[in-house]
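Shown next, in structure tokens, is the structure this report addresses.
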Amino acid sequence: LTGVLDDCLCDIESIDDFNTFKIFPKIQKLQERDYFRYYKVNLKRPCPFWADDGHCSIKDCHVEPCPESKIPVGIKAGSSNKYSKVANNSKELEDCEQANKLGAINSTLSNQSKEAFIDWARYDDSQDHFCELDDERSPDAQYVDLLLNPERYTGYKGPSAWRVWNSIYEENCFKPRSVYRPLNPLAPSRGGSCLFYFLMQFFQRLCLEKRVFYKLISGLHASINLHLCANYLLEETWGKPRWGPNVKEFTRRFDPLETKGEGPRRLKNLYFLYLIELRALSKVAPYFERSVVDLYTGNGHEDAESKALLLDIFRDTKSFHMHFDEKSMFAGDKKGAKSLKEEFRLHFKNISRIMDCVGCDKCRLWGKLQTQGLGTALKILFSEKEIQSLPENSPSKGFQLTRQEIVALVNAFGRLSTSIRELQNFKVLLQQTR
């Protein structure tokens, strides 16, 4: 892959260098910090679109949650005191010892600020959300250690997995109902590469917003596929699995000949998605640069280091000189732009609900996290005015991020950064096999 990406003025080589030398090492370290390694998720929500066809029984599909009994009171508390210092006084536990460091964004808030946070909990901000958010108060919502449950190929495939992606593409992307996505085993064959050419011609006639939507979904799909190819179960001897890159699987999913020319475009959409989330990080920096915001875990020294590293990453994102210009989106007449933006939001929100139909728990975990991370990025991009008007030393109703949104945003971008890094590894491996 070389050259300039469509719908922006950024070239692939610049992204590769920027990610390899600036972003990737730092985002890896940040994901290992206590604040970002635990994610609260409900993996038991029923599929809202079709009857449950059973969960994956393969052992690698299993997710090991952090037991509820091991979570300190300060974390389990409701929104009324989740920003208090209660969590800071909780005793560390031997098992899952890191979990008790998870808490609120701020550890030193005035009573007035605490009341404002309570008001936020009552404030209906659903119009800003691009995702169907899990109810953290649900008894089925559990903390998961992302480092102990890495995203990789679990063996989950076939009609159940394809039904999820088929639903996403066929029902939620802006394209004619009569056009099926190429290479979909659930769809009838309609001419292979000729269909692909027709589809690409159609996309070029779509407005920018609808092309962007499709590229975001395609880029997310490509990124997930890259993770599975890079962390594949190569063999298992005497119960000891060996995971690593699978060049044959990578070729099957992305090679131009194997995919009738679609593979490279999928990877270009991955780069496009990277630019979108990179832009969101640069835009949200003022929210975290305020002294009132602290990545609170109860460990003052670690909290300070985590915030310093996050702000360092923000400085890097702002230094990138070929950002995607989101102002070019929804820039037509106000009524039409508002209607299109709402359609855009509802389409993506519907996709976030489809993630509850994934039969493999580990795949569902990472699908929900990466979808919520992208949804949070979109929320940021469409809230620029609210972010710019935030007060320095007090909370504001104008724009807010929950801890779950913050964790999803950072980890989702970390996954994209890893995808682009893994793509470089596959380039080397392919050269070695020739």
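Every residue gets a Cβ built from N, Cα and C, even glycine.
Automatic prediction, not curation, is the source of TrEMBL annotations.
Annotated disulfide bond per TrEMBL: C56-C61 (among others), in sequence order.
According to TrEMBL, the disulfide bond annotation covers C96-C131 (among others). Shown in sequence order, F348, K349, S352, T371, Q372, G375, T376 are the residues of the chain, 6+ apart in sequence, with a C-beta less than 8 angstroms from the C-beta of C131 (disulfide bond).
Under the heading FAD binding site, TrEMBL lists R152, T154, W165, S218, H221, R253.
Residues annotated as active site, nucleophile in TrEMBL: C360.
TrEMBL lists C360-C363 (among others) with the feature disulfide bond.
The number of other Cβ atoms within 10 Å of the Cβ belonging to C363 (disulfide bond), over all protein chains shown, comes to 25. Annotation comment: TrEMBL describes C363 as active site.
When the binding-site residues T154, S218 are compared by the number of other C-beta atoms lying within 10 angstroms of their own C-beta, T154 comes out lowest. Of all the recorded positions given, namely C61, C360, the one with the smallest number of surrounding CB atoms inside 10 A is C61. Cβ environment of R152 (FAD binding site): D60, H227, L228, N231, Y232, L233, W243, K362 lie under 8 Å away, each six or more residues apart in the same chain.
C363 (disulfide bond) is 17 Å away from S218 (FAD binding site) when you measure Cα to Cα. If you draw a 10 Å sphere around the CB of R253 (FAD binding site), it holds 21 other CB atoms from the protein chains shown. The two recorded residues, C360 (active site, nucleophile) and C61 (disulfide bond), show a Cα separation of 5 Å. Separation of the C-alpha atoms of W165 (FAD binding site) and C363 (disulfide bond): 13 Å, rounded to the nearest whole number.
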